[in-house]
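Engineer: Here's a structure for you.
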């Protein structure tokens with residue numbers, strides 16, 4: 001039987017077209033492929049680190065920066081892999097106690113390489129905890145930001161001297177922009193925060209006036225607090241996508257999405273459209289609450305885009321959410337729909353990252369859940385096509401089981417030639433556990449793929465059908481019994 005490591009290796013080989021990474025996204029008109037190999041991360045990645053960012057440097061190393069619960073310093077860690085950041089040593093980059101720049105909160109640091117220098121943007125309280133404004137550090141003297149010499153460039157001056165935070169920078173068609181959240185005296189009597197955008201004249205100065213690209217004007221953005229914050233810009237498939245977070249920093253915290261054409265005038269507010277509904281929200285089934293303040297990076301093999309965000313593992317918080325330290329850094333693969341738009345899915349459960357099973361017979365189809373039935377599906381919500389590979393499986397050594405991501409505790413189960421989704425986590429019935437188990441072998445029609453023999457029905461394999469057709473187990477040896485993992 002093939003090991004999980006071998007299956008992931010085969011899956012990587014089977015990808016015919018490499019997905020252009022976010023790091024490559026500045027190239028004009030990137031091509032689109034919705035296919036990319038699976039990733040093998042384990043959540044939670046870093047405990048008690050909020051507002052996370054992971055940057056993959058050109059040397060292949062990953063750098064991690066985030067808000068610490070004490071809100072008093074900027075720390076950084078590095079590793080050769082995303083998973084390696086989980087246990088990497090942290091290094092102090094800047095401490096409020098060693099500076100005269102401010103006395104208040106230190107929030108949401110971000111690391112960026114601009115030219116041959118490093119920059120860290122974060123919110124710093126000037127004269128009081130909540131008197132926050134965007135602040136900039138410049139790192140020089142080393143291609144490694146952990147070894148750079150850091151100097152304070154100061155606060156960024158915006159159009160209004162009001163509460164402002166979460167500065168981020170991105171480049172589109174050779175023009176560098178800054179986006180940030182700020183209380184706008186022209187909206188909600190100066191309450192809440194809107195998202196602003198401006199061109200930059202240098203890494204610590206914007207060209208004024210700025211524009212507003214989003215206000216908290218939807219009901220889901222106004223729960224607890226009227227908030228748009230934590231933006232992140234990326235260019236893909238001829239579009240500029242800006243993710244952001246909304247509402248109070250409890251279980252109501254969620255993510256929205258702004259979109260503009262890459263060649264549009266980004267300084268024209270009319271160029272931007274907003275998602276009607278949030279694109280990433282709390283999920284009780286997976287026990288992840290308040291997901292948000294996202295950033296994006298690329299996988300270790302450079303073939304998948306990776307969503308970086310924070311969430312809590314419980315819903316109810318005692319006291320002020322800001323005083324709660326349990327926002328955890330998490331990572332998961334970002335998928336792309338055939339129309340070129342991102343599908344964020346749901347916050348996946350703790351533990352190993354799930355996979356998708358793409359049919360070798362029709363590579364637009366996936367094993368998925370539709371109307372509580374296991375079917376071959378096309379363009380389904382990504383969470384309905386994700387399964388965690390449990391190894392050893394419920395049937396014991398030498399087997400694996402497929403646990404639904406959207407419905408944890410439910411597994412693919414084969415009986416009498418059909419496949420269903422069954423609740424089996426706590427069952428001691430050996431027959432039921434065997435029915436929910438498979439043996440993994442090299443792809444029957446393509447050795448770079450993988451096939452799954454039923455542990456309960458020897459010689460019968462998991463088989464895909466046409467779009468909307470039931471997934472079954474049968475003694476097939478063709479492409480319909482071979483899958484590629486994503």
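Placement of Cβ uses the backbone N, Cα and C atoms for every residue, glycine included.
Okay, these came from Swiss-Prot:
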- 1-25: signal peptide (SIGNAL)
- 42: N-linked glycosylation site (CARBOHYD)
- 45-342: region 'Catalytic' (REGION)
- 51: active site, proton acceptor (ACT_SITE)
- 229: active site, proton donor (ACT_SITE)
- 302: N-linked glycosylation site (CARBOHYD)
- 359-467: region 'ABD' (REGION)
- 416: N-linked glycosylation site (CARBOHYD)
- 426: N-linked glycosylation site (CARBOHYD)
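Each of the listed features needs to be described in terms of its position in the shown structure.
Structural biologist: DSSP assigns residue 42 (N-linked glycosylation site) to a strand.
In the three-state DSSP scheme, residue 51 (active site, proton acceptor) falls into the strand class. For residue 51 (active site, proton acceptor), the same-chain residues that are 6 or more apart in sequence and have a Cβ closer than 8 Å to its Cβ are 66, 67, 107, 108, 109, 166, 230, 293, 310, 327.
All protein chains shown were included, and the count of other CB atoms within 10 Å of the CB of residue 229 (active site, proton donor) stands at 28.
In the three-state DSSP classification, residue 302 (N-linked glycosylation site) falls within coil.
Cβ environment of residue 416 (N-linked glycosylation site): no same-chain residue six or more positions apart lies under 8 Å away.
Under the three-state DSSP scheme, residue 426 (N-linked glycosylation site) falls in the coil class. Long-range neighbours of residue 426 (N-linked glycosylation site) (same chain, six or more residues apart, CB within less than 8 Å of its CB): none.
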Engineer: Taking all residues of the region 'ABD' (359-467) together, what is their mean pLDDT?
Structural biologist: 95
Engineer: Please report the Cα separation of residue 302 (N-linked glycosylation site) and residue 229 (active site, proton donor) in Å, rounded to an integer.
Structural biologist: 28
Engineer: Residue 229 (active site, proton donor) to residue 42 (N-linked glycosylation site): how many Å between their Cα atoms?
Structural biologist: 27
Engineer: Would you find the one among the glycosylation sites 42, 302 whose Cβ has the most company, meaning other Cβ atoms within 10 Å?
Structural biologist: 302
Engineer: Can you check what DSSP calls residue 229 (active site, proton donor), collapsed to helix, strand or coil?
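Structural biologist: For residue 229 (active site, proton donor) - judged by DSSP and reduced to three states - the answer is strand.
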